[in-house]
């Protein structure tokens, strides 16, 4: 069972927040929503499609909605991508627009929120939490 306002999918709960936050602030915000809350981790194409639809249906249209944070970012000085999501789960599904490392990952509106794009972690974007 999900909290009011959250959407259920295969045992997890999701909510799109129409607040613009940096990646770090968005992750912190998600952890404050519930004990096991984090920015969304996408583990399959099925989950990716669910999240894309949820974002498309719930995002408020502004100039800040081109991107939505997900729970993945570069963790070390060599700019390698973290080997796990912000919730600690392993990365076993990927859907990059292009294979390059900037800093933090988001979903891009142009791809109907289905492809991952590298973004500057300090930019404020909307985000989706998962518990």
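Placement of Cβ uses the backbone N, Cα and C atoms for every residue, glycine included.
Model, not experiment: these values are computed from the prediction.
Features reported for this protein in Swiss-Prot:
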type     : residues : note
DISULFID : 2-13     : disulfide bond
DISULFID : 30-129   : disulfide bond
DISULFID : 104-121  : disulfide bond
DOMAIN   : 9-130    : domain 'C-type lectin'
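Features as recorded by Swiss-Prot, highlighted on the structure.
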residue: 2; record: disulfide bond; DSSP (3 states): coil
residue: 13; record: disulfide bond; DSSP (3 states): strand
residue: 30; record: disulfide bond; DSSP (3 states): helix
residue: 104; record: disulfide bond; DSSP (3 states): strand
residue: 121; record: disulfide bond; DSSP (3 states): coil
residue: 129; record: disulfide bond; DSSP (3 states): strand
**Fill in**
Cα nearest residue 129 (disulfide bond) among disulfide-bonded residues (2, 13, 104, 121) -> 13
**Number of other Cβ atoms within 10 Å of the Cβ of residue 129 (disulfide bond) across all protein chains** = 24
**Asked** Which residues in the same chain, at least 6 apart in sequence, have a Cβ under 8 Å from the Cβ of residue 121 (disulfide bond)?
**Response** 22, 23, 24, 73, 103, 104
**Message:** If I take every residue in the domain 'C-type lectin' (9-130) and average their pLDDT values, what number comes out?
**Reply:** 84
**Among 13, 104, the most crowded of the disulfide-bonded residues [Cβ within 10 Å]** = 104
**Request:** Among the disulfide-bonded residues listed here (2, 30), identify the one with the smallest other-Cβ count within 10 Å.
**Result:** 2
**Item:** Alpha-carbon distance [residue 30 (disulfide bond); residue 2 (disulfide bond)] in Å
**Value:** 15
**Message:** Roughly how many Å lie between the Cα atoms of residue 30 (disulfide bond) and residue 13 (disulfide bond), rounded to a whole value?
**Reply:** 12
